[in-house]
Amino acid sequence: MDELEVILVALLLGIAVLSAAARAINVPYPIVLVIGGAALSFFPGLSEVDLDPDLVLLLFLPPLLYTGAFFANLRELRTAIRPISLLAIGLVLVTMVAVAVVAHELVDGMSWPAAFALGAIVGPTDPVAATAIARRLGVPRRMVSVLEGEALVNDATALVAYRIAITAATSAVAFSFLDATWDFLWKATGGIAVGLAVGWIVAFVRRRLDDPLIENTIGLLTAYAAYVPAELMHVSAVLAAVTSGCYVGWMAPQISSPATRLMGFGMWELLQFLLNAFLFILIGLQLPSVLEALQGSSPGTLIVWAAAVSAAVVISRLVWQWLLVYPIRWLAALGLLKTRGRTRWQERTVVGWAGMRGAVSLAAALALPADFPSRDEILFLTFAVIFVTLVLQGLTLAPLINWLGVVDDGSEEEREELTARLYATQAALTRLEELGGEDWTRDDTIERMTAQYGYRRRRLKARAGKIEDDGFEDRSTQYQTVVREVLEAQRREIIRLRNHGTISNDVMHRLERELDLEDERLEI
């Protein structure tokens, strides 16, 4: 094997081991991967791994954005559009200004355009660690939706501001706030338009296909089909990928076959994990090159810079969350703004503390031109902010959530799920009753399926408390246990037949898949 293959295998092994360790110690895997990557960076060979910013922005970012948008809860996003917009647009700009002021005052020779570029680079959040903790601890769903929605949009805000700052720093033309605002609006609007157009075309094509492999391949390519043209048109590629993901995700139940969805869910889950894992471990591996760039600076000075800029990032978010509520309440009292009730200070604090930075920030810093003013300082400070927010905030977020008691018992989501299952089961029974009068249907088939769905409806009503349990839940649990024992017996027999050469591996996998689907169906 050549050096590249060895490094790739080492990274995959590191991801597997570190992710398993993260699960064992109950810590979000991004934190462990960054720390582990920093430790691995001092091993020979791995210290020379370079993170190509173009590779990150083009190869990694589109599918991550698209996947997040595809599975986003659009109803929750619409409900939380105001807090998401305030965080994804307002807070990013406030953070950019705060970081720019601190960096310009502290870092020797850093110009205002370079300082604003740093502010834009560390503006966007990475939701992976925060949402992993929030979901595990049962944080209210609306808070998770706000964090996810913020992360979908703030990349676009930050990257547009970042490009404007680079232009201001490298161009001889005087900076114009009006031109910058118009450029921002044009890029955002253009990105959304490209995303909608690509999403519509993809939905149109997929509606006419019936091949899971081809459909899921198109699904993977959709992210790039939106991102790359938007880049070429100089509009927001981030918003293009997000918009196409939202559109195709909303249309997916109508344009995809069951086989396509079953294959796609597993594929996207694995792809999302691997892309995130590679990015976080690669962030840690950049530590030697980041330190090497600033060998002439004293460690004490670097620590002061890192602490000050990181504090500006963290404090800006907390102050934004704590103080913004007052003008909103004032506008609501004047009747100029409608609110959906007051957000508790505990929830605002948790959202304020869940501002970890990630790979997009590091990729943006690495993508700065080689002759960009204060490039080495910006790269170091970006790495410092990522490391501090991921480790400090990531490790303390769970204790903070528990201490503030910001948890949800999940009853609302469970109630929605039960309601949907009951309505769907009733629709099935109604359709079976209609089919019973058709000439082509057999009575025994209708009776058997009616009994099956009737049993399911009774079990769901017992869970929802709409009928008296009368021991029904215990019998249901016993039924599931018996069925699983029967399924396991079938699996063992199929494996035995494969081992003795009676059936091929392909036949075994096909039958095993049927048994697995039947096993999963027991949870319904």
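Cβ from N, Cα, C; glycine included.
Keep in mind that this is a model prediction, so the values were computed, not measured.
What TrEMBL lists as domain 'Cation/H+ exchanger transmembrane' is 13-403.
Nonlocal intrachain contacts for the transmembrane segment (55-72), taken as residues 6+ away from its ends with a CB within less than 8 angstroms of a stretch CB, comprise 127, 145, 148-149, 151-152, 155, 220, 222-224, 226-228, 237-238, 241-246, 248-249, 252, 268, 271-272, 275-276, 278-279, 359-360, 362-364, 366-367. Residues or ranges marked as transmembrane segment in TrEMBL: 55-72 (among others).
Taken from TrEMBL, the feature transmembrane segment applies to 84-103 (among others).
TrEMBL lists 156-178 (among others) with the feature transmembrane segment.
Per TrEMBL, the feature transmembrane segment maps to 184-205 (among others). Within the chain carrying the transmembrane segment (184-205), a Cβ under 8 angstroms from the stretch's Cβ atoms is held by residues 156, 160-161, 164, 218-219, 222, 225-226, 229-230, 233-248, 251, 255, all 6 or more beyond its ends.
Per TrEMBL, the feature transmembrane segment maps to 234-252 (among others).
Look at TrEMBL and you will find 273-291 (among others) tagged as transmembrane segment.
For 303-328 (among others), the entry in TrEMBL reads transmembrane segment.
Here the transmembrane segment (349-368) has Cβ contacts under 8 Å with residues 30, 51-54, 56-57, 60-61, 83, 87, 117, 120-126, 128-130, 133-134, 139, 143, 146-147, 155, 158-159, 162, 166, 276, 279-280, 282-283, 286, 313-314, 317-318, 320-322, 375, 378-379, 382-383, 385-386, 389-390, 393-394, 396-397, 400-401, 404, 406 of the same chain, all six or more residues outside its ends. The transmembrane segment feature in TrEMBL is assigned to 349-368 (among others).
Outside the transmembrane segment (380-405) by six or more residues, the chain places 27-28, 30-31, 34-35, 38, 103, 107, 118, 121-122, 126, 129-130, 133-134, 136-137, 139, 283, 286-287, 290-291, 293-294, 302, 305-306, 309-310, 313-314, 346, 349-350, 353-358, 361-362, 364-365 with a CB less than 8 A from a CB of the stretch. Residues annotated as transmembrane segment in TrEMBL: 380-405 (among others).
Same-chain neighbours of the transmembrane segment (84-103): 77, 110, 112, 114-116, 118-120, 122-124, 146, 149-154, 156-158, 161, 305, 308-309, 311-313, 315-317, 320, 324, 351, 381, counting only residues six or more beyond its ends whose CB sits under 8 Å from a CB of the stretch. Among residues of the same chain six or more beyond the transmembrane segment (234-252), those with a C-beta under 8 A of the stretch's C-beta atoms are 61-62, 65-72, 74, 152-153, 155-156, 159-160, 186-196, 198-200, 202-203, 206, 219, 222-223, 225-228, 261.
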